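Before any comments, here is the structure.
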(Lines of atoms letter the chains of each structure in order from A and count residues from 1; the text may use other names and numbers.)
(Lines give C-alpha, C1' and ligand atoms only; values in the text may rest on other atoms or scores of the structure.)
Protein backbone atom coordinates (compact mmCIF):
# COMPACT_ATOMS: atom_id res chain seq x y z
CA UNK A 1 0.00 0.00 0.00
CA UNK A 2 1.50 3.36 -1.03
CA UNK A 3 1.97 6.22 1.40
CA UNK A 4 -0.47 8.93 0.36
CA UNK A 5 -0.60 12.30 2.13
CA UNK A 6 -3.98 13.00 3.68
CA UNK A 7 -3.42 16.75 3.90
CA UNK A 8 -2.76 19.28 1.18
CA UNK A 9 0.89 19.80 0.15
CA UNK A 10 2.38 22.81 1.84
CA UNK A 11 0.54 22.37 5.15
CA UNK A 12 2.40 21.23 8.23
CA UNK A 13 1.42 17.69 9.10
CA UNK A 14 2.44 16.12 12.37
CA UNK A 15 2.88 12.38 12.50
CA UNK A 16 3.51 11.15 16.01
CA UNK A 17 3.44 7.43 15.32
CA UNK A 18 6.21 5.81 17.32
CA UNK A 19 8.97 3.94 15.58
CA UNK A 20 9.00 6.00 12.39
CA UNK A 21 10.93 9.09 11.38
CA UNK A 22 8.14 11.39 10.31
CA UNK A 23 7.44 14.80 11.68
CA UNK A 24 6.58 18.31 10.63
CA UNK A 25 6.07 18.85 6.86
CA UNK A 26 6.50 15.17 5.93
CA UNK A 27 3.64 15.72 3.47
CA UNK A 28 4.80 13.12 0.96
CA UNK A 29 5.52 10.46 3.52
CA UNK A 30 9.15 9.85 2.59
CA UNK A 31 10.35 9.92 6.18
CA UNK A 32 7.34 8.29 7.80
CA UNK A 33 7.00 5.40 5.36
CA UNK A 34 7.81 1.97 6.68
CA UNK A 35 9.97 -0.43 4.70
CA UNK A 36 6.98 -2.23 3.17
CA UNK A 37 5.35 0.98 1.92
CA UNK A 38 5.94 2.50 -1.53
CA UNK A 39 7.12 6.09 -1.92
CA UNK A 40 6.94 8.25 -5.05
CA UNK A 41 10.30 9.96 -5.74
CA UNK A 42 9.94 13.58 -6.83
CA UNK A 43 12.13 16.59 -7.55
CA UNK A 44 11.46 20.25 -8.19
CA UNK A 45 11.39 21.17 -11.86
CA UNK A 46 12.90 24.66 -11.59
CA UNK A 47 16.71 24.78 -11.52
CA UNK A 48 17.30 27.20 -8.67
CA UNK A 49 18.91 27.24 -5.27
CA UNK A 50 20.30 23.98 -4.03
CA UNK A 51 19.05 22.13 -7.13
CA UNK A 52 20.91 24.49 -9.46
CA UNK A 53 24.17 23.95 -7.60
CA UNK A 54 23.76 20.18 -7.91
CA UNK A 55 23.16 20.23 -11.68
CA UNK A 56 26.55 19.78 -13.43
CA UNK A 57 25.28 21.36 -16.66
CA UNK A 58 24.46 24.68 -14.98
CA UNK A 59 26.56 24.76 -11.82
CA UNK A 60 29.25 27.45 -11.76
CA UNK A 61 30.37 27.00 -8.18
CA UNK A 62 31.82 30.20 -6.75
CA UNK A 63 31.54 31.91 -10.16
CA UNK A 64 27.85 32.78 -9.65
CA UNK A 65 27.56 36.58 -9.58
CA UNK A 66 25.72 38.50 -6.86
CA UNK A 67 22.87 39.13 -9.30
CA UNK A 68 22.64 35.42 -10.16
CA UNK A 69 22.76 34.45 -6.49
CA UNK A 70 19.85 36.75 -5.71
CA UNK A 71 17.80 35.73 -8.74
CA UNK A 72 18.27 31.99 -8.23
CA UNK A 73 18.01 31.73 -4.43
CA UNK A 74 21.70 30.97 -3.94
CA UNK A 75 22.47 33.68 -1.38
CA UNK A 76 23.78 32.06 1.76
CA UNK A 77 24.28 28.72 0.05
CA UNK A 78 27.72 29.80 -1.16
CA UNK A 79 30.59 31.65 0.53
CA UNK A 80 30.53 35.37 -0.36
CA UNK A 81 33.62 35.35 -2.60
CA UNK A 82 33.13 35.36 -6.39
CA UNK A 83 35.80 33.59 -8.45
CA UNK A 84 36.19 33.74 -12.21
CA UNK A 85 36.27 30.52 -14.22
CA UNK A 86 39.97 31.10 -14.90
CA UNK A 87 40.75 31.26 -11.19
CA UNK A 88 38.68 28.12 -10.61
CA UNK A 89 40.67 26.40 -13.35
CA UNK A 90 44.01 27.34 -11.78
CA UNK A 91 42.78 26.12 -8.40
CA UNK A 92 41.69 22.72 -9.74
CA UNK A 93 44.94 22.26 -11.68
CA UNK A 94 46.91 23.14 -8.54
CA UNK A 95 45.00 20.52 -6.58
CA UNK A 96 45.34 17.88 -9.32
CA UNK A 97 49.10 18.32 -9.38
CA UNK A 98 49.27 17.45 -5.69
CA UNK A 99 48.23 13.89 -6.52
CA UNK A 100 51.12 11.56 -7.27
CA UNK A 101 48.96 8.60 -8.32
CA UNK A 102 47.38 8.95 -11.80
CA UNK A 103 44.24 7.07 -10.75
CA UNK A 104 43.63 9.68 -8.03
CA UNK A 105 43.80 12.39 -10.69
CA UNK A 106 41.37 10.41 -12.83
CA UNK A 107 38.89 10.09 -9.96
CA UNK A 108 39.18 13.79 -9.15
CA UNK A 109 38.50 14.72 -12.78
CA UNK A 110 35.49 12.40 -13.02
CA UNK A 111 34.17 13.95 -9.82
CA UNK A 112 34.59 17.41 -11.36
CA UNK A 113 32.77 16.30 -14.51
CA UNK A 114 29.81 15.19 -12.40
CA UNK A 115 29.87 18.43 -10.42
CA UNK A 116 30.71 21.20 -12.91
CA UNK A 117 30.62 20.17 -16.57
CA UNK A 118 31.83 23.41 -18.13
CA UNK A 119 34.78 23.75 -15.77
CA UNK A 120 35.77 20.14 -16.50
CA UNK A 121 35.84 20.73 -20.25
CA UNK A 122 37.62 24.07 -19.97
CA UNK A 123 40.25 22.37 -17.85
CA UNK A 124 40.66 19.57 -20.38
CA UNK A 125 40.81 21.89 -23.41
CA UNK A 126 43.34 24.28 -21.86
CA UNK A 127 45.56 21.52 -20.43
CA UNK A 128 45.07 18.79 -23.01
CA UNK A 129 48.66 17.54 -23.19
CA UNK A 130 48.87 17.17 -19.42
CA UNK A 131 45.40 15.71 -18.84
CA UNK A 132 44.91 13.50 -21.90
CA UNK A 133 46.91 10.62 -20.35
CA UNK A 134 44.71 10.94 -17.25
CA UNK A 135 41.24 10.92 -18.81
CA UNK A 136 42.25 8.37 -21.44
CA UNK A 137 45.18 6.03 -22.05
CA UNK A 138 47.00 4.92 -20.05
CA UNK A 139 45.14 5.83 -16.82
CA UNK A 140 41.67 4.90 -18.06
CA UNK A 141 42.87 1.30 -18.37
CA UNK A 142 43.61 1.09 -14.66
CA UNK A 143 40.33 2.86 -13.94
CA UNK A 144 38.42 0.17 -15.86
CA UNK A 145 40.26 -2.60 -14.02
CA UNK A 146 39.20 -1.06 -10.70
CA UNK A 147 35.87 0.37 -11.85
CA UNK A 148 33.83 -1.66 -9.40
CA UNK A 149 35.86 -0.43 -6.44
CA UNK A 150 35.96 3.24 -7.45
CA UNK A 151 32.35 3.33 -8.74
CA UNK A 152 30.53 6.32 -7.25
CA UNK A 153 27.87 7.49 -9.65
CA UNK A 154 26.55 5.91 -12.87
CA UNK A 155 27.81 7.49 -16.07
CA UNK A 156 26.20 6.47 -19.33
CA UNK A 157 23.63 3.82 -20.12
CA UNK A 158 23.94 0.15 -19.15
CA UNK A 159 22.04 -2.31 -21.34
CA UNK A 160 22.25 -5.89 -20.12
CA UNK A 161 20.81 -9.19 -21.32
CA UNK A 162 18.09 -8.65 -18.73
CA UNK A 163 16.69 -5.96 -21.05
CA UNK A 164 16.35 -8.20 -24.09
CA UNK A 165 13.15 -7.32 -25.92
CA UNK A 166 12.91 -3.85 -24.36
CA UNK A 167 16.12 -2.08 -25.40
CA UNK A 168 14.14 0.73 -27.04
CA UNK A 169 12.46 1.43 -23.70
CA UNK A 170 15.85 1.54 -21.99
CA UNK A 171 17.19 4.02 -24.55
CA UNK A 172 14.19 6.25 -23.85
CA UNK A 173 15.21 6.37 -20.18
CA UNK A 174 18.21 8.51 -21.13
CA UNK A 175 17.19 12.12 -20.37
CA UNK A 176 18.77 13.77 -23.43
CA UNK A 177 16.96 13.44 -26.76
CA UNK A 178 19.23 15.10 -29.34
CA UNK A 179 21.93 12.43 -29.33
CA UNK A 180 24.47 12.73 -32.15
CA UNK A 181 27.26 10.36 -31.07
CA UNK A 182 27.08 7.03 -29.25
CA UNK A 183 30.21 5.18 -28.14
CA UNK A 184 29.35 1.59 -27.26
CA UNK A 185 31.42 -1.29 -25.91
CA UNK A 186 30.71 -4.80 -24.70
CA UNK A 187 33.89 -4.74 -22.61
CA UNK A 188 35.42 -7.88 -24.11
CA UNK A 189 38.72 -6.36 -25.27
CA UNK A 190 39.45 -3.24 -23.25
CA UNK A 191 42.68 -1.69 -24.56
CA UNK A 192 45.32 -4.40 -24.13
CA UNK A 193 43.80 -5.55 -20.84
CA UNK A 194 41.29 -8.13 -22.06
CA UNK A 195 37.76 -8.87 -20.87
CA UNK A 196 36.66 -6.33 -18.26
CA UNK A 197 32.94 -6.84 -18.82
CA UNK A 198 30.67 -4.09 -17.55
CA UNK A 199 33.66 -2.25 -16.10
CA UNK A 200 34.60 -1.22 -19.62
CA UNK A 201 32.22 1.75 -19.24
CA UNK A 202 35.25 3.93 -18.53
CA UNK A 203 36.17 3.71 -22.22
CA UNK A 204 32.94 5.16 -23.73
CA UNK A 205 32.84 7.81 -21.01
CA UNK A 206 36.46 8.79 -21.69
CA UNK A 207 36.08 8.70 -25.46
CA UNK A 208 33.04 10.95 -25.42
CA UNK A 209 34.68 13.46 -23.10
CA UNK A 210 37.32 13.76 -25.84
CA UNK A 211 34.68 14.10 -28.56
CA UNK A 212 33.59 17.19 -26.63
CA UNK A 213 36.95 18.59 -25.53
CA UNK A 214 38.85 17.93 -28.77
CA UNK A 215 36.06 17.89 -31.36
CA UNK A 216 33.63 20.37 -29.86
CA UNK A 217 30.58 18.11 -29.85
CA UNK A 218 28.07 19.14 -27.16
CA UNK A 219 28.16 16.94 -24.03
CA UNK A 220 24.36 16.63 -24.15
CA UNK A 221 24.65 15.12 -27.66
CA UNK A 222 26.95 12.32 -26.45
CA UNK A 223 25.80 8.98 -25.06
CA UNK A 224 28.18 6.36 -23.57
CA UNK A 225 26.72 2.83 -23.58
CA UNK A 226 27.94 -0.48 -22.21
CA UNK A 227 26.34 -3.65 -23.53
CA UNK A 228 26.54 -6.22 -20.73
CA UNK A 229 26.35 -9.76 -22.08
CA UNK A 230 28.38 -11.21 -19.21
CA UNK A 231 32.10 -11.74 -18.77
CA UNK A 232 34.53 -14.64 -18.96
CA UNK A 233 36.90 -12.95 -16.52
CA UNK A 234 37.01 -15.28 -13.51
CA UNK A 235 38.43 -12.58 -11.25
CA UNK A 236 35.46 -10.32 -11.96
CA UNK A 237 32.93 -13.12 -11.63
CA UNK A 238 34.24 -13.72 -8.11
CA UNK A 239 34.60 -10.03 -7.20
CA UNK A 240 31.95 -8.85 -4.73
CA UNK A 241 32.34 -5.30 -6.07
CA UNK A 242 31.83 -6.21 -9.74
CA UNK A 243 29.01 -4.08 -11.17
CA UNK A 244 27.90 -6.26 -14.09
CA UNK A 245 26.08 -9.53 -14.75
CA UNK A 246 27.85 -12.40 -13.02
CA UNK A 247 27.53 -14.90 -15.83
CA UNK A 248 29.51 -16.17 -18.81
CA UNK A 249 29.41 -14.16 -22.02
CA UNK A 250 26.57 -14.71 -24.44
CA UNK A 251 27.85 -15.79 -27.84
CA UNK A 252 26.62 -16.89 -31.25
CA UNK A 253 22.99 -16.30 -32.15
CA UNK A 254 22.03 -14.98 -28.71
CA UNK A 255 24.73 -12.29 -28.94
CA UNK A 256 23.94 -11.41 -32.57
CA UNK A 257 20.20 -11.05 -31.87
CA UNK A 258 20.83 -8.84 -28.85
CA UNK A 259 23.19 -6.53 -30.77
CA UNK A 260 20.75 -6.41 -33.69
CA UNK A 261 17.95 -5.33 -31.38
CA UNK A 262 20.26 -2.64 -30.01
CA UNK A 263 21.20 -1.30 -33.45
CA UNK A 264 17.57 -1.23 -34.60
CA UNK A 265 16.50 0.53 -31.40
CA UNK A 266 19.23 3.16 -31.78
CA UNK A 267 18.13 3.98 -35.31
CA UNK A 268 14.45 4.04 -34.33
CA UNK A 269 15.05 6.29 -31.34
CA UNK A 270 17.73 8.66 -32.64
CA UNK A 271 17.37 8.51 -36.41
CA UNK A 272 19.55 7.84 -39.44
CA UNK A 273 22.32 10.33 -38.66
CA UNK A 274 23.38 9.27 -35.16
CA UNK A 275 27.02 8.11 -35.22
CA UNK A 276 27.57 4.77 -33.49
CA UNK A 277 31.19 4.12 -32.62
CA UNK A 278 32.02 0.51 -31.76
CA UNK A 279 34.74 0.45 -29.13
CA UNK A 280 36.90 -2.38 -27.76
CA UNK A 281 34.89 -5.32 -29.07
CA UNK A 282 36.76 -8.61 -29.54
CA UNK A 283 38.18 -9.12 -33.04
CA UNK A 284 35.57 -11.58 -34.28
CA UNK A 285 32.66 -9.37 -33.22
CA UNK A 286 34.29 -6.08 -34.25
CA UNK A 287 34.73 -7.08 -37.88
CA UNK A 288 31.31 -8.72 -38.08
CA UNK A 289 29.49 -5.71 -36.62
CA UNK A 290 31.27 -3.22 -38.86
CA UNK A 291 30.59 -5.32 -41.95
CA UNK A 292 26.97 -6.01 -41.02
CA UNK A 293 25.89 -2.44 -40.23
CA UNK A 294 28.11 -0.20 -42.39
CA UNK A 295 25.50 -0.15 -45.18
CA UNK A 296 22.47 0.47 -42.96
CA UNK A 297 23.80 2.70 -40.15
CA UNK A 298 26.33 5.48 -39.59
CA UNK A 299 28.93 3.29 -37.86
CA UNK A 300 32.62 3.61 -37.12
CA UNK A 301 35.10 1.35 -35.33
CA UNK A 302 37.91 3.36 -33.81
CA UNK A 303 40.10 0.31 -33.19
CA UNK A 304 39.95 -0.65 -36.87
CA UNK A 305 39.33 2.59 -38.75
CA UNK A 306 40.49 5.32 -36.36
CA UNK A 307 43.81 3.62 -35.67
CA UNK A 308 44.29 3.02 -39.38
CA UNK A 309 43.64 6.66 -40.21
CA UNK A 310 46.02 8.10 -37.61
CA UNK A 311 48.82 5.67 -38.52
CA UNK A 312 48.40 6.41 -42.21
CA UNK A 313 48.66 10.13 -41.41
CA UNK A 314 52.00 9.51 -39.72
CA UNK A 315 53.24 7.49 -42.68
CA UNK A 316 52.18 10.23 -45.12
CA UNK A 317 53.96 12.85 -43.00
CA UNK A 318 57.08 10.66 -42.71
CA UNK A 319 57.50 10.66 -46.49
CA UNK A 320 59.20 14.05 -46.24
CA UNK A 321 61.67 12.77 -43.65
CA UNK A 322 62.42 9.48 -45.39
CA UNK A 323 62.28 10.70 -48.97
CA UNK A 324 60.17 7.70 -49.96
CA UNK A 325 56.64 7.31 -51.22
CA UNK A 326 54.31 4.83 -49.53
CA UNK A 327 54.61 2.50 -52.50
CA UNK A 328 58.39 2.33 -51.98
CA UNK A 329 58.06 0.92 -48.47
CA UNK A 330 57.76 -2.64 -47.21
CA UNK A 331 55.55 -2.90 -44.12
CA UNK A 332 55.70 -5.55 -41.40
CA UNK A 333 53.06 -5.77 -38.67
CA UNK A 334 53.27 -7.61 -35.38
CA UNK A 335 49.61 -8.27 -34.64
CA UNK A 336 46.89 -9.24 -37.10
CA UNK A 337 43.75 -8.26 -35.23
CA UNK A 338 41.43 -5.27 -35.59
CA UNK A 339 44.11 -2.60 -35.53
CA UNK A 340 46.72 -4.42 -37.60
CA UNK A 341 44.47 -5.48 -40.45
CA UNK A 342 42.61 -2.16 -40.39
CA UNK A 343 45.83 -0.17 -40.77
CA UNK A 344 47.13 -2.54 -43.43
CA UNK A 345 43.96 -2.24 -45.51
CA UNK A 346 43.94 1.57 -45.42
CA UNK A 347 47.64 1.70 -46.40
CA UNK A 348 46.94 -0.65 -49.31
CA UNK A 349 43.98 1.50 -50.38
CA UNK A 350 46.08 4.68 -50.25
CA UNK A 351 48.87 3.10 -52.34
CA UNK A 352 46.28 1.81 -54.80
CA UNK A 353 44.83 5.30 -55.26
CA UNK A 354 48.29 6.83 -55.69
CA UNK A 355 49.65 4.27 -58.15
CA UNK A 356 46.52 3.03 -59.89
CA UNK A 357 47.49 -0.56 -59.06
CA UNK A 358 44.69 -2.89 -57.91
CA UNK A 359 44.45 -3.29 -54.16
CA UNK A 360 45.15 -7.02 -54.48
CA UNK A 361 48.61 -6.02 -55.73
CA UNK A 362 49.29 -3.25 -53.23
CA UNK A 363 48.51 -5.61 -50.34
CA UNK A 364 51.64 -7.55 -51.30
CA UNK A 365 53.77 -4.70 -49.91
CA UNK A 366 52.38 -5.49 -46.47
CA UNK A 367 53.19 -8.49 -44.27
CA UNK A 368 51.64 -9.53 -40.97
CA UNK A 369 52.90 -11.68 -38.11
CA UNK A 370 50.45 -13.25 -35.66
CA UNK A 371 50.93 -15.63 -32.73
CA UNK A 372 51.80 -18.48 -35.11
CA UNK A 373 54.36 -16.55 -37.16
CA UNK A 374 54.38 -14.87 -40.55
CA UNK A 375 51.03 -15.06 -42.34
CA UNK A 376 51.74 -16.91 -45.58
CA UNK A 377 49.68 -18.63 -48.25
CA UNK A 378 50.32 -22.13 -46.89
CA UNK A 379 48.35 -21.13 -43.77
CA UNK A 380 45.40 -19.61 -45.65
CA UNK A 381 42.87 -22.38 -45.02
CA UNK A 382 43.28 -22.13 -41.24
CA UNK A 383 43.19 -18.32 -41.06
CA UNK A 384 40.30 -16.15 -39.86
CA UNK A 385 38.60 -14.39 -42.77
CA UNK A 386 40.06 -10.96 -42.00
CA UNK A 387 43.62 -12.32 -42.13
CA UNK A 388 43.28 -14.15 -45.44
CA UNK A 389 43.99 -11.17 -47.77
CA UNK A 390 47.44 -10.92 -46.15
CA UNK A 391 48.54 -14.50 -46.78
CA UNK A 392 51.30 -14.03 -49.39
CA UNK A 393 53.63 -16.51 -51.03
CA UNK A 394 56.60 -17.15 -48.75
CA UNK A 395 58.08 -20.00 -46.82
CA UNK A 396 56.85 -20.27 -43.20
CA UNK A 397 58.59 -18.05 -40.63
CA UNK A 398 57.91 -18.77 -36.99
CA UNK A 399 58.77 -15.52 -35.20
CA UNK A 400 59.19 -11.76 -35.56
CA UNK A 401 62.98 -11.65 -35.79
CA UNK A 402 62.86 -14.28 -38.52
CA UNK A 403 60.29 -12.19 -40.39
CA UNK A 404 62.37 -9.01 -40.05
CA UNK A 405 65.42 -10.78 -41.45
CA UNK A 406 63.45 -12.42 -44.27
CA UNK A 407 61.19 -9.55 -45.35
CA UNK A 408 63.60 -6.68 -44.53
CA UNK A 409 60.81 -4.16 -43.85
CA UNK A 410 61.35 -0.41 -43.88
CA UNK A 411 58.41 0.11 -41.51
CA UNK A 412 57.71 -1.99 -38.39
CA UNK A 413 54.29 -1.57 -36.77
CA UNK A 414 53.20 -3.16 -33.49
CA UNK A 415 49.53 -3.80 -32.73
CA UNK A 416 49.99 -7.00 -30.74
CA UNK A 417 48.82 -5.81 -27.32
CA UNK A 418 51.89 -7.53 -25.83
CA UNK A 419 54.62 -5.42 -24.27
CA UNK A 420 58.35 -5.67 -25.02
CA UNK A 421 57.93 -7.77 -28.18
CA UNK A 422 60.15 -5.40 -30.20
CA UNK A 423 63.29 -6.84 -28.64
CA UNK A 424 66.78 -5.39 -28.93
CA UNK A 425 67.55 -7.97 -31.61
CA UNK A 426 64.49 -6.97 -33.65
CA UNK A 427 65.12 -3.22 -33.41
CA UNK A 428 68.83 -3.59 -34.19
CA UNK A 429 67.93 -5.66 -37.26
CA UNK A 430 65.65 -2.83 -38.41
CA UNK A 431 68.55 -0.39 -37.94
CA UNK A 432 70.90 -2.65 -39.89
CA UNK A 433 68.53 -2.81 -42.86
CA UNK A 434 67.51 0.89 -42.85
CA UNK A 435 69.23 4.24 -42.46
CA UNK A 436 66.10 5.62 -40.75
CA UNK A 437 63.87 2.76 -39.59
CA UNK A 438 60.27 3.76 -38.93
CA UNK A 439 59.08 2.00 -35.77
CA UNK A 440 55.53 2.36 -34.44
CA UNK A 441 54.80 0.65 -31.10
CA UNK A 442 51.06 1.24 -30.97
CA UNK A 443 49.70 -1.06 -28.26
CA UNK A 444 48.01 0.53 -25.24
CA UNK A 445 48.39 1.18 -22.37
CA UNK A 446 52.06 2.10 -21.93
CA UNK A 447 52.85 -1.18 -20.19
CA UNK A 448 51.74 -3.07 -23.31
CA UNK A 449 53.83 -1.03 -25.79
CA UNK A 450 56.04 -3.24 -27.97
CA UNK A 451 59.05 -1.15 -26.94
CA UNK A 452 59.70 2.16 -25.23
CA UNK A 453 60.87 5.34 -26.93
CA UNK A 454 64.18 5.14 -25.08
CA UNK A 455 64.76 1.59 -26.32
CA UNK A 456 63.96 2.53 -29.92
CA UNK A 457 66.33 5.50 -29.97
CA UNK A 458 69.10 3.74 -28.03
CA UNK A 459 69.07 0.50 -30.03
CA UNK A 460 69.08 2.38 -33.36
CA UNK A 461 71.71 4.88 -32.16
CA UNK A 462 69.26 7.73 -32.54
CA UNK A 463 68.29 6.94 -36.13
CA UNK A 464 64.74 5.67 -35.56
CA UNK A 465 61.61 7.60 -36.39
CA UNK A 466 59.44 6.46 -33.50
CA UNK A 467 55.76 6.67 -32.71
CA UNK A 468 53.64 5.05 -30.00
CA UNK A 469 50.03 4.62 -28.99
CA UNK A 470 50.53 5.89 -25.44
CA UNK A 471 52.67 8.89 -24.50
CA UNK A 472 56.39 8.70 -23.76
CA UNK A 473 58.59 11.45 -22.33
CA UNK A 474 61.32 13.06 -24.46
CA UNK A 475 64.49 10.99 -24.68
CA UNK A 476 68.06 12.31 -24.50
CA UNK A 477 70.50 10.16 -26.48
CA UNK A 478 74.10 11.11 -27.21
CA UNK A 479 73.43 14.70 -26.18
CA UNK A 480 70.39 15.14 -28.44
CA UNK A 481 66.76 15.35 -27.32
CA UNK A 482 64.24 13.25 -29.24
CA UNK A 483 60.50 13.93 -29.08
CA UNK A 484 58.52 10.69 -29.53
CA UNK A 485 55.46 10.97 -31.75
CA UNK A 486 52.17 9.69 -30.43
CA UNK A 487 49.98 7.93 -32.98
CA UNK A 488 46.95 8.62 -30.85
CA UNK A 489 43.46 8.05 -32.23
CA UNK A 490 42.49 11.29 -30.48
CA UNK A 491 43.94 13.10 -33.48
CA UNK A 492 41.31 11.54 -35.74
CA UNK A 493 38.00 10.54 -34.19
CA UNK A 494 36.94 13.93 -32.72
CA UNK A 495 37.44 15.73 -36.05
CA UNK A 496 35.99 12.84 -38.02
CA UNK A 497 32.90 12.81 -35.81
CA UNK A 498 32.45 16.57 -36.11
CA UNK A 499 32.79 16.37 -39.89
CA UNK A 500 30.17 13.63 -40.12
CA UNK A 501 27.76 15.55 -37.89
CA UNK A 502 28.10 18.95 -39.53
CA UNK A 503 27.59 17.46 -43.00
CA UNK A 504 24.69 15.27 -41.87
CA UNK A 505 26.46 12.14 -43.10
CA UNK A 506 24.39 8.98 -43.35
CA UNK A 507 27.26 6.50 -43.91
CA UNK A 508 31.03 6.25 -43.28
CA UNK A 509 33.25 5.33 -46.22
CA UNK A 510 37.00 4.66 -46.55
CA UNK A 511 37.49 7.82 -48.62
CA UNK A 512 36.46 9.84 -45.56
CA UNK A 513 39.16 8.09 -43.51
CA UNK A 514 41.73 8.89 -46.20
CA UNK A 515 40.61 12.52 -46.15
CA UNK A 516 41.09 12.62 -42.37
CA UNK A 517 44.59 11.12 -42.69
CA UNK A 518 45.64 13.60 -45.35
CA UNK A 519 44.24 16.52 -43.35
CA UNK A 520 46.19 15.49 -40.25
CA UNK A 521 49.44 14.94 -42.16
CA UNK A 522 49.09 18.36 -43.80
CA UNK A 523 49.31 20.03 -40.39
CA UNK A 524 52.82 18.77 -39.65
CA UNK A 525 55.15 21.74 -40.22
CA UNK A 526 58.87 22.00 -41.00
CA UNK A 527 59.46 22.93 -37.37
CA UNK A 528 57.79 19.70 -36.28
CA UNK A 529 59.93 17.69 -38.71
CA UNK A 530 63.06 19.36 -37.32
CA UNK A 531 62.14 18.02 -33.88
CA UNK A 532 61.63 14.51 -35.24
CA UNK A 533 57.83 14.69 -35.09
CA UNK A 534 55.49 13.13 -37.64
CA UNK A 535 52.38 14.38 -35.80
CA UNK A 536 51.54 17.96 -34.79
CA UNK A 537 51.49 18.72 -31.05
CA UNK A 538 48.22 18.29 -29.17
CA UNK A 539 48.36 21.85 -27.88
CA UNK A 540 46.30 23.09 -30.87
CA UNK A 541 44.12 20.00 -31.18
CA UNK A 542 40.88 21.95 -31.71
CA UNK A 543 42.37 23.68 -34.74
CA UNK A 544 43.53 20.28 -36.00
CA UNK A 545 40.07 18.80 -35.45
CA UNK A 546 38.39 21.68 -37.28
CA UNK A 547 40.61 21.13 -40.33
CA UNK A 548 39.99 17.38 -40.27
CA UNK A 549 36.24 17.96 -39.88
CA UNK A 550 36.23 20.28 -42.88
CA UNK A 551 38.04 17.75 -45.08
CA UNK A 552 35.80 14.89 -43.95
CA UNK A 553 32.68 16.98 -44.54
CA UNK A 554 33.93 18.00 -48.00
CA UNK A 555 34.48 14.36 -48.92
CA UNK A 556 31.03 13.47 -47.57
CA UNK A 557 29.43 16.08 -49.83
CA UNK A 558 31.53 14.88 -52.79
CA UNK A 559 30.32 11.30 -52.24
CA UNK A 560 26.68 12.38 -52.09
CA UNK A 561 26.31 11.10 -48.52
CA UNK A 562 25.61 14.46 -46.83
CA UNK A 563 22.11 15.52 -45.81
CA UNK A 564 22.80 18.98 -44.33
CA UNK A 565 22.22 21.26 -47.31
CA UNK A 566 23.25 23.67 -48.63
CA UNK A 567 26.97 23.08 -48.14
CA UNK A 568 28.74 25.80 -46.14
CA UNK A 569 31.07 27.98 -48.21
CA UNK A 570 33.90 27.83 -45.66
CA UNK A 571 33.82 24.43 -43.97
CA UNK A 572 36.72 25.20 -41.61
CA UNK A 573 34.96 28.29 -40.23
CA UNK A 574 31.71 26.34 -40.05
CA UNK A 575 33.46 23.61 -38.05
CA UNK A 576 34.97 26.15 -35.66
CA UNK A 577 31.62 27.90 -35.18
CA UNK A 578 29.92 24.54 -34.50
CA UNK A 579 32.21 23.67 -31.60
CA UNK A 580 30.94 23.60 -28.03
CA UNK A 581 32.38 26.32 -25.80
CA UNK A 582 32.89 25.50 -22.11
CA UNK A 583 32.86 29.15 -21.04
CA UNK A 584 30.24 29.87 -18.37
CA UNK A 585 26.92 31.31 -19.51
CA UNK A 586 25.29 34.29 -17.81
CA UNK A 587 21.94 33.51 -16.19
CA UNK A 588 18.92 35.77 -16.09
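Even glycines carry a Cβ here, placed using N, Cα and C.
Values in this document were obtained by computation on a predicted structure and should not be read as measured data.
Residues or ranges marked as region 'Disordered' by Swiss-Prot: 1-21.
Look at Swiss-Prot and you will find 2 tagged as N-acetylglycine, backed by a large-scale study or a structure entry.
Around the Cβ of residue 136 (active site, proton donor), the number of neighbouring Cβ atoms within 10 Å comes to 25. Residues annotated as active site, proton donor in Swiss-Prot: 136.
As annotated by Swiss-Prot, NADP(+) binding site applies to 189, 303, 332-348, 444, with the evidence given as similarity to another entry. All protein chains included, residue 336 (NADP(+) binding site) registers 24 other Cβ atoms within 10 Å of its own Cβ. Reduced to three states, the DSSP call for residue 336 (NADP(+) binding site) is coil.
Here Swiss-Prot flags 207 as active site, proton acceptor, drawing on similarity to another entry. In this view, residue 207 (active site, proton acceptor) is surrounded by 27 other Cβ atoms within 10 Å of its Cβ, with every protein chain counted.
Positions annotated as divalent metal cation binding site by Swiss-Prot, on the basis of similarity to another entry: 279, 280, 303. DSSP assigns residue 303 (divalent metal cation binding site) to a helix.
Of all Cβ atoms in the protein chains displayed, 23 besides its own lie within 10 Å of the Cβ of residue 303 (divalent metal cation binding site). The annotation site 'Important for activity' is assigned in Swiss-Prot to 303.
Within 10 Å of residue 336 (NADP(+) binding site), counting CA to CA, the recorded positions 136, 207, 279, 280, 303 contribute nothing. Close to the recorded divalent metal cation site, the chain also has 185, 189, 190, 203, 278, 281, 286, 301, 302, 338: residues not among 279, 280, 303 whose Cβ is within 8 Å of the site's Cβ mean position. According to its DSSP assignment, residue 207 (active site, proton acceptor) is helical. Of all the recorded positions given, namely 136, 279, 280, 345, those whose Cα is no farther than the 10 Å limit from the Cα of residue 207 (active site, proton acceptor) are 136, 279.
Taking the C-alpha atom of residue 189 (NADP(+) binding site) as reference, the shortest distance to any of the recorded positions 136, 279, 280 belongs to 280. Under 8 Å, Cβ to Cβ, and six or more positions away along its own chain, residue 279 (divalent metal cation binding site) finds 183, 184, 185, 203, 204, 207, 301, 302, 303.
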